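TrEMBL annotations:
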BINDING   H81, H83, E87, H126  Fe(2+) binding site
BINDING   H81, H83, E87, H126  Ni(2+) binding site
Amino acid sequence: MKAYWFDNLPGDQREPHDSGREVSPEYLSKLGILHFNYPKLEDVNTLAAERDYKNRDEITISPESMGEVYETKVKTFFHEHLHEDEEIRYILDGGGFFDVRSEGDDWVRIKLDKHDLMIMPAGIYHRFTTDTQNYTKAMRLFKEDPKWTPLNRGGETDNNQFRQDYLKSRGGVTAGS
């Protein structure tokens, strides 16, 4: 895993967009982001048991696996959104980028590669894209039945209880504060 400030320059979202300014693991932790590198599936299974993740599935994001809808789906994943559940991704093969909003509402880009596992808290604004290889195979873990509904950023989502709880947990300002 590598984390850095997104450069905000025009260009394909799948390019690195590396500003050259790294982001420390401590700062990611402050945002609620947890990261592990697990070459062995047994380590993923141990974490799943410890955090009570009961279910999992696998997804392959590539032109070969998705056909004509690939470009549309990748653009959809890149639209800023949040989820009402933790988002847990274990990269089985390939790689990709997760961008998360910082405390100052800037983008932090997190590059995940094979064997990286990342946990994002419910309520954090983020987006995802494959890298220039156009291939990500990932395991998604979840506590109950998956609720993958993305809630796109907007006034209503800013007031969402999961967003408000996330901001409170980080010591941030909430709606109505």
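Every residue, even glycine, has its Cβ placed from backbone N, Cα and C.
Curation does not apply to TrEMBL; its annotations are automatic.
For the binding-site residues H81, H126, the largest tally of other C-beta atoms within 10 A is found at H126. Same-chain neighbours of the Ni(2+) site beyond H81, H83, E87, H126, judged by a C-beta within 8 angstroms of the site's C-beta center, are, in sequence order, L82, M120, I124, Y125, R127, P150. Summarising the environment of H83 (Fe(2+) binding site), the number of other Cβ atoms within 10 Å of its Cβ, over all protein chains shown, is 20.
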